[in-house]
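Peer 1: Below are the structure tokens for one structure; questions will follow.
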Amino acid sequence: MDKFIIKGGKRLEGEVNVSAAKNSVLPILAATILNGNNCTVENTPMLEDVFVICDVLKSLRADINIDKVNKRVKINTANIFANGANDELVRKMRASFLIMGPMLGRFGSFKISLPGGCNIGTRPIDLHLKGLSALGAEVSVGHGYVEAKAKKLIGSNIYLDYPSVGATENIMMAATLAQGETIIGNAAEEPEIVDLAIFLRAMGAKIDGEGTDTIRILGVKDFKEVVHKPIYDRIEAGTFMITAAITKSLIKINGVDEIHSKPIIAKLTEMGVAIEINKNSVIVDGRQKLNPIDLKTMPYPGFPTDMQAQMMSLLCTVKGTSIITETIFENRFMHAVELKRMGANIKIDGRSAVIEGIDTFTGSEVTATDLRAGAALVLAGLTAEGTTAIKDIYHIDRGYVSIEKKLRGLGADIERVHYDK
Ligand code: UD1
């Protein structure tokens with residue numbers, strides 16, 4: 001096992017590069033199942049979650065080449081099997097369930113283990129299944145598996161009870177090979193959905209409306225070769241913006257799409273962080289006195305739940321009272337317990353956290369309980385007095401490419417240390 005040792009309190013400076021979005025790349029890699037031709041994803045973030053989805057595809061006998069040096073993944077799914085994917089891999093990562101829609105679309109039937117994932121709530125899949133049923137699939141759940149079968153998928157009018165990102169993606173992918181038109185109402189509008197639509201369109205799918213709450217997909221018969229470069233990771237970009245704010249530093253962040261990052265930039269600006277926006281980059285100046293704020297996580301274009309934990313670390317260091325309301329996941333305050341070990345003053349009341357700013361975090365031994373909780377602890381450690389040790393950082397490796405190297409490039413004192421559990 002690895003842990004991070006961080007000696008806090010250093011001012012940082014310089015530039016950091018954001019990788020491509022994990023949450024774009026995972027559905028895009030799943031979508032290659034629909035296409036029997038060569039698919040290439042450029043600038044792929046070399047992350048644990050990406051390796052897991054590649055392993056899931058390999059367990060279906062996809063031909064995959066991962067070029068770590070050039071950050072390129074080449075996939076050919078011409079010879080994949082309709083047999084089940086490796087159960088252990090599927091349970092390891094919730095996003096593995098994104099192969100359901102494409103497998104059903106291509107083979108007309110698929111059985112898969114119920115998904116696992118981050119420990120941040122119950123995370124049902126009912127919306128995915130309702131959507132696939134609406135396309136004509138017969139869906140059954142039992143003994144830890146989901147099975148879907150359809151003689152033919154038929155385009156349909158689907159209205160989601162909630163704009164689920166994963167359900168929108170699964171339905172979009174299945175619908176590309178359905179007969180006729182599918183309309184997804186109350187669809188998720190996240191930038192990663194738009195990126196998936198761009199990928200699908202490049203390989204020959206007929207889709208429009210992505211990025212709005214109504215997506216239309218006209219089924220086609222087959223696809224062609226595709227090369228795609230995914231969008232930047234807006235959550236990694238936001239994490240580095242908070243790095244500047246929490247360490248009271250001036251940092252340039254390369255690989256930022258202003259529109260995708262607007263909800264994060266707006267909240268940081270409201271706090272008093274100075275952010276200069278340039279083409280594909282921002283300069284974040286966190287040297288001013290910051291103000292407490294209230295924030296609520298919402299589906300895009302609201303404030304992302306994947307930035308809630310990092311924002312909590314920052315608000316802990318801002319004098320006054322801030323309130324965070326988490327509306328997306330019911331159990332996403334695990335990081336508060338760990339931040340309290342570092343001296344934070346946080347009270348949780350249901351879906352809200354009331355945060356009283358403290359003078360400074362104190363270095364402690366803490367545990368990353370999930371991916372973004374881990375990032376929040378790194379941020380706290382960077383500004384803490386003394387040394388912070390963060391265990392279980394495999395969670396962080398799932399979603400941040402070499403975070404310690406990128407932070408060291410900015411002057412942080414952070415080391416990865418191996419230990420025996
Ligand atoms: C995706 C992201 C994740 C992010 C989340 C919300 C990926 C790989 N992961 O996860 O990082 O935190 O969006 O922005 O892109 N729900 C149901 N029934 C369903 C599906 C979802 O009730 O069938 C609920 C979930 O429990 C949750 C909410 O809807 O409360 C949002 O989930 P969803 O948008 O589906 O998130 P994911 O796609 O799992």
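Glycine too: its Cβ is placed from the backbone N, Cα and C atoms.
Note: TrEMBL annotation is automatic and uncurated.
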Peer 1: With Arg123, Pro124, Ile125, Asp126, Leu127, Asp306, Ile328 listed by TrEMBL as UDP-N-acetyl-alpha-D-glucosamine-binding, which of these, Arg91, Arg94, Arg351, is given for the same site?
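Peer 2: That UDP-N-acetyl-alpha-D-glucosamine site, as TrEMBL gives it, pairs Arg123, Pro124, Ile125, Asp126, Leu127, Asp306, Ile328 with Arg94.
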Peer 1: Taking DSSP three-state, what's Asp126 (UDP-N-acetyl-alpha-D-glucosamine binding site) in: helix, strand or coil?
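Peer 2: Asp126 (UDP-N-acetyl-alpha-D-glucosamine binding site) sits in a helix per DSSP.
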Peer 1: Taking only the binding-site residues Arg94, Arg123, Leu127, which one has a CA atom nearest to the CA atom of Lys22 (phosphoenolpyruvate binding site)?
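Peer 2: Sorting the binding-site residues by distance from Lys22 (phosphoenolpyruvate binding site), the top entry is Arg94.
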Peer 1: Which one of these binding-site residues, Lys22, Arg94, has the sparsest Cβ neighbourhood, judged by other Cβ atoms within 10 angstroms?
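Peer 2: Among the binding-site residues Lys22, Arg94, the lowest count of other Cβ atoms within 10 Å belongs to Arg94.
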Peer 1: Could you tell me the maximum Cα-Cα distance in Å between the residues recorded as binding UDP-N-acetyl-alpha-D-glucosamine, namely Arg94, Arg123, Pro124, Ile125, Asp126, Leu127, Asp306, Ile328, rounded to a whole number?
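Peer 2: Roughly 22 Å, rounded to the nearest whole number.
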